[in-house]
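Structure first, commentary second.
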């Protein structure tokens, strides 16, 4: 049991580090002129090129169940959420930076809890410690995210190496609006939380890893193409060049859309959405290191304070969730012991 959990955690942590790398590459590539609409279309299309043959090979060994219209509608909803998350995320990074993007992902557990509460999947008991911990942690997460968005504070540390300066030259000409970027990233993470819940809903009724990812990726490709054709009408933007833009697209397609989708579906199937979002805050550490090292980002007081508040809120939510699981296990053990002792009591009373 522990070995499987450690494997899932290790894979999720690897995905978080890869995602930070993608955010860094995307920031540099868009600064050099790459269109986010073009990037989203090509990355999903290339990932679909790998997913399609993998799906046929996988389902030749393990036959797939029939895809009903209701299930297709759920996958369409999942693809719509995925496409929206990608557009909001990458435009949010363009207006801000990868460090803020990784910090804002800590909102996903809070949003997941709020959505589950509204949907009746979670219950809030004001007199129960676990429920109060989750509620306080949710509010703390929101406060920390707002602080990082609106307050930067004085600088603490900046990297003055030649390597970071060369990357920083790419960033000084980009659009920069911290507040707009923060709102876009916040909206992206809200939809991401909703996406995890919908994905878990699909997997519970249709636990086919490759089929879910392939259909979703195909629909995302179509949606991004339609949106991109209307939004990006410059023909030169659609011509790929063998430079940082092509590297970013290949990185996103193979390591993120393809591998990340399979890992997430597998982890959601094994442990559920709450376990998957548990490692999200750890990506912020990698984002700060990469941002300061490679992009020449300046570490501000607001980053440290807001990140600390977000981390405290996140682990408060996780502590409450862990307490609830312990209580559920104890109740299950008590009910199990009751079922074994009640027949004995009844037998004694009958014989008496």
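The backbone N, Cα and C atoms fix where each Cβ goes, glycine too.
According to TrEMBL, the protein has these features:
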type     : residues : note
SIGNAL   : 1-17     : signal peptide
TRANSMEM : 41-59    : transmembrane segment
TRANSMEM : 71-93    : transmembrane segment
TRANSMEM : 99-120   : transmembrane segment
TRANSMEM : 132-151  : transmembrane segment
TRANSMEM : 178-198  : transmembrane segment
DOMAIN   : 181-317  : domain 'EamA'
TRANSMEM : 210-231  : transmembrane segment
TRANSMEM : 246-267  : transmembrane segment
TRANSMEM : 274-295  : transmembrane segment
TRANSMEM : 301-319  : transmembrane segment
Best-packed against the transmembrane segment (132-151), counting Cβ pairs under 8 Å over 71-93, 99-120, 210-231, 246-267, is stretch 99-120
DSSP composition of the domain 'EamA' (181-317), residue counts helix/strand/coil, works out to 115 helix, 3 strand, 19 coil
